[in-house]
């Protein structure tokens, strides 16, 4: 007041009745009132009690809202802080178990490599086993073919033996037929002569003794059959 308004002659100190008991009071000078009027819009200062009360109510409301906003901000900040703490704990956990995870991953990679090696060995073993099986099958097939050839040779030998036997039998039959043919020719002559004699006897019996005709016919037929069997004409 004394440093700015007083030297600028904007305020005047009021007269006090009891300076020792009353506090100092100031009032606007004419120059000060003129300055306030000129700068009222710039200052936006209330001029009545109602305006002052409204401004006070508005200030209280804004202060309350600001206080609530600060409280909400503090709650959010507390939640963020808790989340940060959780993340920090998780990072600590990951950091603590990083070596364990790394060792586990290394172990899994090694097991995978071992599995690939075992798979290669198994494939090679299967390939070798397949080759051995094919070779064995080839040997067994050759042995089976050899046995089949041997059996066929035995059957051919048996067939040749049978053919030789049949050839011998055919030759023997041919010789027998030739012999029968040679014997049948003179036997035919004898049979013809016997037939002539038989007819003469038959005529004589018919003339002299007709009752003996049947006996002569039967006897002649029987003798002819026996003779034919003897020479091989009849079986």
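Note: Cβ is positioned from N, Cα and C throughout, glycine not excepted.
What TrEMBL says about a protein is an automatic prediction, not a curated fact.
Because the structure is a prediction, the values reported are computed rather than measured.
Taking TrEMBL as the reference, the stretch among 103-127, 128-152, 153-177 described by the feature region 'Disordered' is residues 103-127. Within the set 187-209, 210-232, the record from TrEMBL flags 187-209 under the feature transmembrane segment.
Check TrEMBL against the ranges 42-69, 70-97 and you find coiled coil recorded for 70-97. Break the domain 'Ras-associating' (1-33) down by DSSP state and the numbers are 4 helix, 6 strand, 23 coil. Look at the region 'Disordered' (103-127): DSSP puts its residues at 25 helix, 0 strand, 0 coil.
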